[in-house]
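> For reference, the structure I am asking about is given below.
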Amino acid sequence: MKTAIFTVVLALAVFAVLSFGWEANEKALSEEFTELIHEKEAASETEARECRYFWGECHDHMPCCDWFVCRYKWPITYNICVWNRTFPEK
């Protein structure tokens, strides 16, 4: 009887240690993934476009691409780039 109880307690202790190790590993992977996502976001924010594309918000300092024109469209409260009915030259 003492051996059976000792075996059950020992098995529970082993499962607790394994579970704790698995949880720590999962948390480390989650933190690494989050860090990787933040690095990708930072890299994409530093990449500047030379012009704004279709339905992109435009102003004087953010011009539209050659085949778009900046127009105010109701009910949108800001200017957007719309097609000026021309095609870009290749």
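We number each residue from 1, going along the chain as drawn.
Cβ coordinates are placed from backbone N, Cα and C, and glycine is handled just like the others.
What you are looking at is a predicted structure, and each value in this text was computed from that prediction instead of being measured.
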> In Swiss-Prot, C70 is disulphide-linked to which residue out of C58, C65?
C58
> When you rank C58, C64, C70, C81 by Cα distance to C51 (disulfide bond), which of the disulfide-bonded residues ends up on top as the closest?
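So, spelling it out, the nearest of the disulfide-bonded residues is C64.
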> For C58 (disulfide bond), which of the three DSSP-derived states applies: helix, strand, or coil?
coil
